[in-house]
Each structure stands twice: as structure tokens, then as C-alpha cells.
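Single-structure report; data block below.
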Amino acid sequence: MFDTLYECFWSERLWLPVGLTWADLEDKEGRVYAKASHLYVTLPYALAFLLIRYLFERWIATPLAVSAGIKQRIYLKAEENSVLEFYYATQCRNPAQADIDGLSKKSSLSTRQVERWFRRRRRQDRPGVLKKFTEASWRFVFYLSAFIGGMVALHDKEWLYDTREVWTGFPKQTMLESQYWYYVLEMSFYGCLLFSVAFDVKRKDFKEQIIHHLATLVLLSFSWCANYIRVGTLVMLIHDASDVLLESAKLFNYAKWEKTCKTLFVLFAIVFMVTRLIIFPFWLIHCTWVYPVLYYPAFFGYYFFNIMLVVLLCLHIFWAYLILRMIRKFMFGTLTKDERSDNEEEDGDESSSTQDEVEQRHKPAGPLVADKKYDENGGTRSLSPPENICWSKTVC
């Protein structure tokens, strides 16, 4: 059964145009073709990227953030409570008042103490500016390196300037060494991003990011196996162009360089709209949709590849909508954060943080200070003095 599935998956009718076989893509006559077995190396490379990222963030990005005045804010930790922790992990991070009342009874805490516990617990999970800065630094370095490497690899290729050349001689197009490393490193990086989603900063477009990473990996893998390498390199190049500006704008935003951040954001928005909403659909998708059928009849791989490109285009449109919202707020002076960011400052959390700090600062330091007790509704009930205090010099 496994052999049957294997043969069906690698059927020449799925991957190659009519009249071609895998034998036609064997290395011969000085030509070297991409093979599926080459992709196995991306897994250890992705793990290596995780290690490199850890070292980079620890020894380069963190000191850079400190030199820019970015520090990790320390919050008061929530006390250990199995009942509240179980609810927080399995039900909701921000319970309604009715749930708070129920949790108060189960945990033997006042409602105010339960509310304070959830506030502190949410702040513990909230990513700090230092973490965001180090993540953006890592992505910025890679995207910049990938874009420069892509330009070096493609600047003298005719298909960069004339997309018809993408299909000249297809599929018997030899693979260049620069194309091999461009593909392997890009796929390894996106694999690294998938591995790290569990501990990266989560944003509103988290699901869209996962879809984007998966679609990119599937698209690159298919284009590698079907020898769509030329158009694959063009897709990677235009994506890296705007990502460099986005990550650099984030870095200056976290460092509070507002003018530089705004300038880079405007440049990013322009480059994104041009590359993702103009060049990508009207040059690249046009190139993969119109020109191939001039050379061979449409087949499954032709439709599959173009569908994956359309999936990426839909994600581009979604992100363009968020960018336009940011531009609108930017023009009217109400832009305070990335539209893709989660509501990391829950309602009341910031003011409550100050309140908690004040309460902690004025917390009784010794036995001669009266304890404040709270009733079930969170209000003060009494100020009960310790029993061993003498309140008068005449009464002891």
C-alpha cells in the first residue's frame, strides 16, 4: 500500500507536463537538476538556524537593545494557585465577573484578590519590548542578508528583467549553485519560523502567519521538485524586499526613534504595495498563469502552483488592509502600535499595574501595622488591630 501511495504521489502526470518523465530530469550532458532528496538538508539547517538565532539574540541583539535604552520590565508575579492557574490555562485569561465570583469561592480568595491574580498572571505572559526587539533584530538580519544574496544571484539573469525567459527551455533548465543555496537557506529559515512559533510573540495575524509559512514551504518545495526554480527565486526576492523595511521600522519603534520609524514605515508601505500587490500578481502570477500554456498543455502541477500563489496573494491583501489602517491612524496621529499586535494591554491592566505597585510599596512591613481585610465584594470591612498592641499608656 505504501508503495502504491508513493507511486501515486510522484506520478509524472502530477508534477510534469505531458510527454516528460523523471528520466528527462536526470543529471546528464553537464546539466544538474533539483531533486526532492536535496530538501532533506533543510531540516538540520532549520535546527541550526534555531541555535544561531539563540546565540544572536543572546550575545548581539540583547546588548544592542540595552545600548538603545531598552530594558526588561519586571512585573510582580502571581502567587501559586492551582485553581486559578488551571482556569487560566484551560478556560480564559480574562474571566467575566460571574466567573470571578465562582473562582473566589473555589480558591478561598476575595474577588479583588482573584482579579489581581489574573492581572499579574496576564502580565507574566505579556512579551516585553526587549523580547520583541531581539526577535525583530534576528528577522531583520536574515531578510537583509537574503535580499542582498538574492540580488547578487539574480542581477545578471535575463529572467529577472524579462519574465518570458523563466520558461525558456523548461523543464530542462540546469540548477545553478546560487539557486541551490538561495532555496535551501530560505526554506530552512521558514522551517525555523515554524519551529519557533510556540515561544515567539503572538499577534492578531498569528493564524495568517502560520498559513503563510506553510504555503511558502509547500510552494518552494513544489517549485523545487517540478523545476520551477527560476520563478521561485523571483517570488522569494520580492517578499524579502519589503520584509527588510518592516523589521527595521520595528527596531526603531522599540528604541523610541519615532521619526526614523515613521520614515521607514512609509517606505515599507510603498514597497509592500508595489511588490506584493502590483509586481506579484501582474508580473509573477501573470508569468506563471499565461506563459506556461504557450509551451505545453496545462497539467495538475500548473494549477496547483498557481493556486498556492493566489493563497499568498490573499494574505497580501489582508496585510495590506492592516497597513492601510495603520496609515490612516498614522496620518491622524493616533497610531500607537502595530495593527497586527494583540491587545497586550488588557483593559485596566496598565492602571492596575500601577495600583499593584503602590499596594506592594505600602504593604505592611511589620506586626505593628493594621491589616486591611476585604469582604466578598472587594470592599473594606474593618481595620482590625493585632491583639497584642497597647492602644493607651494607661491600658496595657
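Cβ atoms here come from the backbone N, Cα and C positions, even for glycine.
According to TrEMBL, the protein carries these features:
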DNA_BIND  69-129  DNA-binding region
COMPBIAS  341-350  compositional bias 'Acidic residues'
DOMAIN    131-332  domain 'TLC'
REGION    340-396  region 'Disordered'
TRANSMEM  37-56  transmembrane segment
TRANSMEM  136-154  transmembrane segment
TRANSMEM  180-199  transmembrane segment
TRANSMEM  264-291  transmembrane segment
TRANSMEM  303-324  transmembrane segment
Among the ranges 136-154, 180-199, 264-291, 303-324, the one whose Cβ pairs under 8 Å to the transmembrane segment (37-56) are most numerous: 180-199
Intrachain residues whose Cβ lies under 8 Å of the transmembrane segment (264-291), provided they are six or more past its termini: 163-164, 166-167, 228, 231, 234-235, 238-239, 241-242, 245-246, 248-249, 252, 305-306, 309-310, 312-313, 316-317, 319-320, 323, 326-327, 330
Residues of the parent chain within Cβ reach of the transmembrane segment (303-324), under 8 Å, 6 or more residues beyond its termini: 205, 208, 211-212, 215-216, 218-219, 222-223, 226, 228, 235, 269, 272-273, 276-277, 280-281, 284-285, 288-289, 339-340
Composition by DSSP (helix, strand, coil) of residues within the DNA-binding region (69-129): 36 helix, 0 strand, 25 coil
